[in-house]
Each structure stands twice: as structure tokens, then as C-alpha cells.
Ligand SMILES: C[S@@+](CC[C@H](N)C(=O)[O-])C[C@H]1O[C@@H](n2cnc3c(N)ncnc32)[C@H](O)[C@@H]1O
């Protein structure tokens, strides 16, 4: 049966629960409508923005008929229907944004991992604005930089971005660029701004460093120098916060073997190295060659950190020994079944999982659960205020005492 597309249709709707991805669910004529710019409990007029057929379509709330008590005026002039796709919750109080994220994390854990646990999303210091230290902008037809509209290639040119660190975007917003190029901006731990332009030159993608290039960051009691456009946490308080929680929960034994998977430049490896001491060993696995060389340089005073350059899913199978602790911080897709199975095969006593996508975390927790491990603790942080993103840190341990998992000193594997 073919049904006419709802795209462009406008109707009133009662807004229901929040869903993962920065929208809420409304049910209309037997279909699910994912509504952006609305809050649970509101009555709104929506306009359907995308309908690919099937059981759901996407819509924007274009008029609020009965507002929720948590609704506020967005501080950004380009936050709203059809405008910048960068933020999702500018129209909610910061407290309610965290409540929405907590509901999403709890729902993902329940649905994908069968875990019923109360979730609290904690604020990081600094408030909901002026926190973003890294951004990727695109250049519109007129040569001015901006962000893409939600689910669209359309460029929304901007004069400012209130969630970004003040003045971070000034070097890219104060001039014109080649239309179609992308601009990566990083404000580092010393407030230096780094700008790289990514564009097509004679059919090939080229990166041109416009300003800076080597970032300085300060976290976990160390100074780091790294590629300004390589991975580093976006929120200024995030690296220290996650390193502290990961360290507290890892409890790596002195002289022990531990793994830091998806290590970046070795933020967690540096903390773990302090715990295992000079007689222990931290194996840091990272696929980015530049991150590995930056990490080797940054941690050259910690010879117990051994770097392995390559993809975790391949390297992990060849790693010798049985780590007592594994810390992993995979990209959005999560670690996946094969990596989780490789971890549990070595029976670590503790696994600390740092996750930027609660759905991927929940899927991986389900795999841990099927292999004799359970979620022991979970903390969630609002490391991306105004957006739907949320960072979780999970401690995973063997289900039974004396089951999979071991602890204590070991011989380094060399
Ligand atoms: C979320 S970042 C974590 C970095 C580091 N833990 C930190 O907090 O700074 C994920 C890292 O994993 C790396 N990565 C992505 N996929 C990978 C893979 N399959 N194998 C190894 N590293 C990977 C990325 O280059 C990135 O540095």
C-alpha cells in the first residue's frame, strides 16, 4: 500500500516522551512523529520536515499552543525550526535538559540492555553557554561560515555561537571563505585558536592549516601537546572529570597489566600508569598514527605505557596477557560485539567504559551481560549542554565473585 507523503503537512499534536536524538515522540493517525523544538507534555502545531514512508516521519514544532513549564526563550537567535542543526534543547531550562538526557540514557539501557536503573545526569562546571572548544563549520554560497540545518546540507550562516568559547570563532566569522569548504576550529587549553580549512582542490580533498596547528591542553595533572584537530574532549572540564572517574573506578593494582583501548593521546593511560607504577604495564591502543606519536611524546616519562598503533578489533586479539583492568572509550558506534567478547575472554576484574552514545553503550553492556559481567556503577555527564549529547562512564565487573576476572600484580608482558 502506498501512502501519500506527509512532508510539508501541518497539524496539531500532543507531545509525548523524549527520544534519543534530540526530539520527542508524538503519535498521529497510527504513526510516530519525531518532533524537534518541542518538550514532553506540550501541545504544538508541527510541520513535517521529512517523510521517507514507513512507520515514522520527522517534524518541527513551529507553534507552541500549550507550553511546558520548563520551556525558555532560546539564547541563540538561530536555534529554532529550520535553523541551525547544532543544538537540540536551547528551548529547555538547563536542569530540564539534563532530566531529558537522563530519561534517554535510562530508556536506552532498559530497552537495549534490559537494565532498570535510575540515571542522574550531572552538570559540568561552567554553565550551558561558552563551553564549546571545538567546532566544524561549513561555508555557504556567499562565502560566510555557518552550521548546517538539521538533516540538511543547507548552510545557516552565523554571526556568533553562544555555546562556543567566546572569541573562538572570530577568526572564521570575520572573513570570507571558499564556498563549500569546511572549517575546523579548536580553542586550546591556553586559549589559542587553531583553524584548518578542508576543501576540494582539483577533485582531491585537501587540508590547509590557516592558523596554529599544535594545541596545548592541561588535564590529569599534565600538559599535553597534540594535533589541534585530533581528538580531545570538547568541554573544557570534561578531560579532567572523565580521567578522575576512570581512575577512581579502575583501581589498577600496582605492578598490574591494564589496557587503555581507543586511547587517543593517552589521557586515561596517564592515570593508569600512575596506578600500576613503574613495574606495571599500560597497553594503549589507538588507530590514529598522529595521536600515537603525540601520545608517545606526551607520556615519554612513563615507560610503563606501551603504545600499539592500529584498530582495537585487530590489535586486541594479538595482545599478550590478561589485563586486570580494561578502560575503553570508543567512538560513537561503540566497541561492538567482537571487541567486547575479546575483552571478556581475558577475564578482567574491572572494565571502565567511557561512552559518548548511550545506545551503543547499552548494546555493548548487553554483550557484557551475556558473558558473565554486570553493570556495577554508572555516572552520566552533561558534557554537551544545549545539544542532545551526553557522556556516560560505566563500571562493569564480573557477575560472580570468583567468576571471570582476576586482580593483583603480574609479570609485565614486555
Ligand atoms: C572518543 S576518542 C577517546 C580518546 C581518549 N580516550 C581521550 O579521552 O582523549 C576515541 C579514539 O579512538 C580512536 N579510534 C576510533 N576507532 C578506533 C579503532 N577501531 N581502533 C582504535 N582506535 C580507534 C580515535 O582515533 C580516537 O582517538
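Here the Cβ of each residue, glycine as well, is placed from N, Cα and C on the backbone.
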Inset, instruction - May I ask you to find which of 281, 286, 345 TrEMBL records for the S-adenosyl-L-methionine site already listed with 233, 262, 329? - result: 286
Inset, instruction - Mind computing the max CA-CA distance among 233, 262, 286, 329, which the record assigns to S-adenosyl-L-methionine binding, rounded to whole Å? - result: 16
Inset, instruction - Starting from the S-adenosyl-L-methionine site formed by 233, 262, 286, 329, give every other residue of that chain whose CB sits within 8 Å of the mean position of their CB atoms, in sequence order. - result: 231, 263, 264, 267, 268, 330, 354
Inset, instruction - Would you find the one among the binding-site residues 286, 329 whose Cβ has the most company, meaning other Cβ atoms within 10 Å? - result: 286
Inset, instruction - Go ahead and report the DSSP secondary structure tallies for the domain 'TRAM' (4-63): helix first, then strand, then coil. - result: 0 helix, 35 strand, 25 coil
Legend entry - Of 233, 262, 356 (the recorded positions), the residue whose Cβ has the fewest other Cβ atoms within 10 Å: 356
Inset, instruction - Could you measure between residue 356 (active site, nucleophile) and residue 233 (S-adenosyl-L-methionine binding site) for me? Cα positions, answer in whole angstrom. - result: 11
